[in-house]
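Participant: Sending over a structure as structure tokens; questions will come in a sec.
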């Protein structure tokens, strides 16, 4: 059932698509994207990453008749009460990654040292057309720099410094970023679950 299984990546974010394809490569699945279908995605109205990922994955699975994998992820700055959180992609109503980074730096201009600690969280939901769904999560701790560093990645990557690596996500290649990142950890949890075939449904079912 596994090798060659068709799975739709339920995201229009090119950066996420790149990282998901790289991370899922060992499974040998045939990965399709939203560009292969004429779909209008639902609004993300969930209060949590899990709710949003489930909403997207279940919608695409039902619409296409194929398993769908959605990623909902974001940055949580502790001193800002967890902002931007589920609003990471539309923080402050800003339209571009650069504008959102500038807005975040402005919100944090009074914060120093330990006050700049943050974490990235990712929740992957794999939903099937029959209604079954599974969730895989990952997170990584870091610090928000006072100015961007690096040219790679997307989103808040130029600001998110990983002390363990001594770099921002934007200073890492895909492979190195996957070793440390929230999305990489969630993907490894999924790979582990599927290494011997699909996990038992009674264990992995999302209620």
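Cβ from N, Cα, C; glycine included.
According to Swiss-Prot:
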type	residues	note
ACT_SITE	72	active site, proton acceptor
BINDING	11, 12, 13, 14, 15, 16, 73, 154, 155, 156, 157, 177, 182, 183	substrate binding site
BINDING	72	Mg(2+) binding site
Participant: Counting Cβ atoms within 10 Å of each candidate's own Cβ, which of the recorded positions 72, 157 comes out highest?
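Facilitator: For the recorded positions 72, 157, the Cβ with the most other Cβ atoms within 10 Å is 72.
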Participant: Would you count the other C-beta atoms found within 10 angstroms of the C-beta of residue 11 (substrate binding site) for me?
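Facilitator: Around the Cβ of residue 11 (substrate binding site), 23 other Cβ atoms lie within 10 Å.
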Participant: In whole Å, how far does the CA atom of residue 157 (substrate binding site) lie from that of residue 72 (active site, proton acceptor)?
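Facilitator: That separation, Cα to Cα, works out to 16 Å.
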Participant: Rounded to a whole angstrom, what is the C-alpha distance between residue 182 (substrate binding site) and residue 72 (active site, proton acceptor)?
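Facilitator: About 11 Å separates the two Cα atoms.
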Participant: Anything within 10 Å of the residue listed as 'active site, proton acceptor'? Look among the binding-site residues 11, 13, 15, 155, comparing CA atoms, and list what you find.
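Facilitator: The binding-site residues close to the residue listed as 'active site, proton acceptor' (Cα within 10 Å), listed in sequence order, are 11.
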Participant: Given the binding-site residues 15, 155, which one's Cβ is surrounded by the fewest other Cβ atoms within 10 Å?
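Facilitator: Among the binding-site residues 15, 155, the sparsest Cβ neighbourhood within 10 Å belongs to 15.
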Participant: Fewest other Cβ atoms within 10 Å: which of the binding-site residues 13, 73 wins that one? Let me know.
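Facilitator: Per-residue Cβ counts within 10 Å for the binding-site residues 13, 73 bottom out at 13.
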